[in-house]
Amino acid sequence: MIFTNAPSDLDIVSDAIDEVNKLKGSDCRWDDLPTFDVDKDKTNFRQYEEACDRVKHFYKEQHEHLLQTAEAIRRDAKPEWMQVAGLVHDLGKLLHVFGSEGQWDVVGDTFVVGCKFSEKIIYHETFEGNPDSHDPVYSTEYGVYEPHCGLDNVMLSWGHDEYLYHVLKNQSSLPEDALYMIRYHSFYPWHRENAYQHLTNANDQRALEAVRAFNPYDLYSKSDEPADPEKLKPYYKNLIAKFFPEVIEW
Ligand SMILES: [Fe+2]
Ligand SMILES: [Fe+2]
């Protein structure tokens, strides 16, 4: 839909990241480094390479990812606000069109900055070259934060999730759980790996279930039948009108 003019490399990287997260969620834990050599993991690596080919091949269909996510949520009779969250959750990728510095600041798993890089972050070892890893404050467990200060008070790595959250937080009537789904859907170290428990507060803990409930629709709806935008237009136009003002500032 709206991404038809976006550069294809972004879509490919973004989809490959999703594919890796699917593989991570299946039969191999990413932090099981000592067992990286076993056949199972080699299989996963081959699957990853094949996945990259697949996402290239299905590039056109991937553009319907947002509709597919929303439709999967709708099929499960989840509330309208969650369908809408599915419909818009990746619109922050428009950042790439607006002048991002590269793929790194648009897509990819997000993580907390200002404190020790969690070992649950994908390719954690690559932070070795990041000066923050050796900073006397930023390399500590709490860094610049207070215990259980709440995710709203911590700074995450920049990406399409965080951007869209800031666009929508005051420009929609979406409930808090929908905003959590949008803001933290790439925050795998938290919602899948249970990292950063020492920074979250009770409200984050509550909303974690919402973020987790959203994740399968994001990851697994891409293999569904391609959605028909024309047929679905009236339904989603109506939903959009319910939750958003006529004009949204980006
Ligand atoms: Fe996303
Ligand atoms: Fe997505």
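Cβ atoms here come from the backbone N, Cα and C positions, even for glycine.
No curator has checked TrEMBL annotations; they are predicted automatically.
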> Hey, TrEMBL has Fe cation bound by H65, H89, D90, H185, D218. Any idea which of H160, H166, H198 it lists too?
Replying inline: H160
>> As a test of the contact definition, list every same-chain residue at least 6 positions from H185 (Fe cation binding site) whose Cβ is closer than 8 Å to its Cβ.
In response: H89, D161, H191, V211, F214, N215, D218
> Which binding-site residues, if any, among D90, H185, D218 have a Cβ under 6 Å from ligand 2, given in order along the chain?
Replying inline: D90, D218
> Relative to the Cβ position of D218 (Fe cation binding site), how many further Cβ atoms are located within 10 Å?
Replying inline: 23
> How many other Cβ atoms are found within 10 Å of the Cβ atom of H65 (Fe cation binding site), counting all protein chains shown?
Replying inline: 24
> Around D90 (Fe cation binding site), how many other C-beta atoms are within 10 angstroms of its C-beta?
Replying inline: 23
